[in-house]
Amino acid sequence: MASTLAPITSTLAAVTASAPPKYDNLWMLILGFIIAFVLAFSVGANDVANSFGTAVGSGVVTLKQACILASIFETVGSALLGAKVSETIRKGLIDVEKYNATQDLLMAGSVSAMFGSAVWQLVASFLKLPISGTHCIVGATIGFSLVAKGQEGIKWSELIKIVMSWFVSPLLSGIMSGILFFLVRAFILRKADPVPNGLRALPIFYACTIGINLFSIMYTGAPLLGFDKLPLWGTILISVGCAVFCALIVWFFVCPRMKRKIEREVKSSPSESPLMEKKNNLKDHEETKMAPGDVENRNPVSEVVCATGPLRAVVEERTVSFKLGDLEEAPERERLPMDLKEETNIDGTINGAVQLPNGNLVQFSQTVSNQINSSGHYQYHTVHKDSGLYKELLHKLHLAKVGDCMGDSGDKPLRRNNSYTSYTMAICGMPLDSFRAKEGEQKGDEMETLTWPNADTKKRIRMDSYTSYCNAVSDLHSESEMDMSVKAEMGLGDRKGSSGSLEEWYDQDKPEVSLLFQFLQILTACFGSFAHGGNDVSNAIGPLVALYLVYETRDVTTKEATPIWLLLYGGVGICMGLWVWGRRVIQTMGKDLTPITPSSGFSIELASAFTVVVASNIGLPISTTHCKVGSVVSVGWLRSKKAVDWRLFRNIFMAWFVTVPISGVISAAIMAVFKHIILPV
């Protein structure tokens, strides 16, 4: 029997010896590609908010538009900029020469690193925690290396540099964003007429954005476009030339068109929101001063009470109507700050006006009419269009801090919804099924009601960035029922913090400024998406590149360039994650941290994207999450210290520190299984 099997055994041995040795681990390569795609998916789901979160938060683009633009620029950025950072991830963290005799161990380590990073990022995305993809892959790489080779396989000096960059990147990006926003606010926003200065600055902003973007592409030396053959002076010359050409195009063609559009929009200025009824002239003001008996014959949404004292000029106003709950629980006079309790009429109307620091007139009225149910009342806030009350109300809905608006009423806040539209759905009176009942009560009991009367008969006109995303989601539900019950906090802030609310109104964009900056924010968001694709695709593809090149060459120190198709593979995975789960973290980055306006969003996007692109070009794998969070917090703090949700920022900061050990532990566990069970000793 043995003599019969001997020829067969010798033949199989000869075939095995003649077969390429790389096919021995084909299963590991296939598994690596699958896990790498899942990792890219998780990167897109978690880090996409870094690119378009602020643009969606300010209402410049809708979520669908953001996904389309991000898909394009993420993919292009991953192909053009991702190769150099992938080299840092692949070779910069560990000493690959330690694996010369054990290539299989390095391949298993790459699979383990991708698995550990993917698992934690998926969990974090599900929990809506904005973590750093760079943190994940760095921690996972260190985890498998400790198991495979111990401390000798890790370049601790490179790790220290990377850890330092985690702290430097948010600080540097925050400083740059703060300086840029300070200049924009000083020379544009706070001017009596911001349009002339804004139009003058427009060519400069566009030139800087285009010039920086082109320089980053060419300086990286994208082989696909032949830029690796350009000398440094040629790169600078082409970038500056394109920037100047772009500035001339904007100055001679875009600026005149923008000026005409702004004049046309400001002159016509239709209603911006279903909750806002515009008052354009003195006649409208006078008509609102009517007898108490006439109140029931008018639409509550259109009621406006003029400020006491002489009227300086006809100001453009909006009326916001809210039904706030029981009169017994929240007395009328306790719902307004002390400086607003100027006059109380017999008919139950409280009149008041506040002069903002920038001259805007904010008026308030609280009326109890026969039309209102005895269990509640309406509160009308008539505000200048340029004030921040509308954004304040949006902000209060998602801040969800008990007592911020209703004093010590003890009401529970509105629960944050998975969709970024939950805030606007609540504001517009659209169906929202994510509520929180009071403690000890059944869900739905004693809910406050936010009502928009006659909502089904009103037509909404998409006007500017303040309400563009609100209008977009409302169009889908034009025939739906508009009355709803929302457990929400509404108002002007608690009695002790009214001055802080007025401080936040100071830097709200005027409508013409919104029109001026919304195009810039779209451009800078695309720039940020491009930079994000170049930097963060390495987090998903870096280990896969190492796995693939070792499999192909059987040389751990190979000098072959990163294949472009591998970078595109990662870009596709990032885009899929963006479309499926991207909105979850957009809610945190674009809305929860601080209210975003087009001008502040532009400053955040441009400065943080510049920081990321510079870091990508020098091969330093910094965190785009850190850069964007640093910019958002910096600009929010510069606008108003109370505009930043410091509790949320604290939670994000804590999540940054747990990411490295968690991903490292998962990767180390998988590597231990590979080393001691799966791979032969």
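Cβ coordinates are placed from backbone N, Cα and C, and glycine is handled just like the others.
According to Swiss-Prot, the compositional bias 'Basic and acidic residues' annotation covers 275-289.
Swiss-Prot lists SER269 (among others) with the feature phosphoserine, giving similarity to another entry as the kind of evidence.
What Swiss-Prot records for SER273 (among others) is phosphoserine.
According to Swiss-Prot, the feature region 'Disordered' maps to 266-295.
If you look up Swiss-Prot, you'll see 25-45 (among others) marked as transmembrane segment.
According to Swiss-Prot, the transmembrane segment annotation covers 66-86 (among others), on the basis of sequence analysis.
Per Swiss-Prot, the feature transmembrane segment maps to 106-126 (among others).
Annotation source Swiss-Prot lists transmembrane segment at 162-182 (among others), citing sequence analysis. Residues 93, 132, 134-135, 138, 599-600, 603-604, 606-608, 610-612, 615, 620-623, 626-631, 633-635, 638-639, 656 of the same chain sit 6 or more residues outside the transmembrane segment (162-182) yet have a Cβ under 8 Å from a Cβ within it.
The feature transmembrane segment is assigned by Swiss-Prot to 201-221 (among others). Sequence-distant contacts of the transmembrane segment (201-221), counting only residues of its own chain at least 6 positions beyond either end whose CB sits under 8 Å from a CB of the stretch, comprise 80-81, 83-84, 184, 187-188, 227-228, 230, 232, 235-236, 238-240, 242-244, 246-248, 250-251, 254-255, 258, 516, 520, 523-524, 527, 530-531, 534, 602, 606, 610, 613-614, 616-617.
Positions annotated as transmembrane segment by Swiss-Prot, on the basis of sequence analysis: 234-254 (among others).
Per Swiss-Prot, the feature transmembrane segment maps to 513-533 (among others).
Residues or ranges marked as transmembrane segment by Swiss-Prot: 561-581 (among others).
Taken from Swiss-Prot, the feature transmembrane segment applies to 602-622 (among others), supported by sequence analysis.
Listed as Cβ neighbours of the transmembrane segment (652-672) (distance under 8 Å, sequence separation of 6 or more from its ends, same chain) are residues 108-109, 111-113, 115-117, 119-120, 124, 129-132, 135-144, 146-148, 166, 588, 625-626, 629. According to Swiss-Prot, the transmembrane segment annotation covers 652-672 (among others), on the basis of sequence analysis.
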Distant-in-sequence neighbours of the transmembrane segment (106-126), which means Cβ under 8 A and at least six residues beyond its ends: 25, 28-29, 31-32, 35-36, 38-39, 41-43, 45-46, 96, 99, 133, 136-137, 139-141, 143-145, 148, 539-540, 543-544, 546-547, 550-551, 556, 577, 581, 584-585, 655, 659, 662-671, 674-675, 678-679
Intrachain neighbours beyond the transmembrane segment (25-45), with Cβ under 8 angstroms and 6 or more residues off its ends: 74, 104, 107-108, 110-111, 114-115, 117-118, 121-122, 125, 133, 536-537, 539-541, 543-544, 547-548, 551, 569-578, 580-582, 584-585
Residues of the parent chain within Cβ reach of the transmembrane segment (234-254), under 8 Å, 6 or more residues beyond its termini: 202-204, 206-208, 210-212, 214-215, 218-219, 227
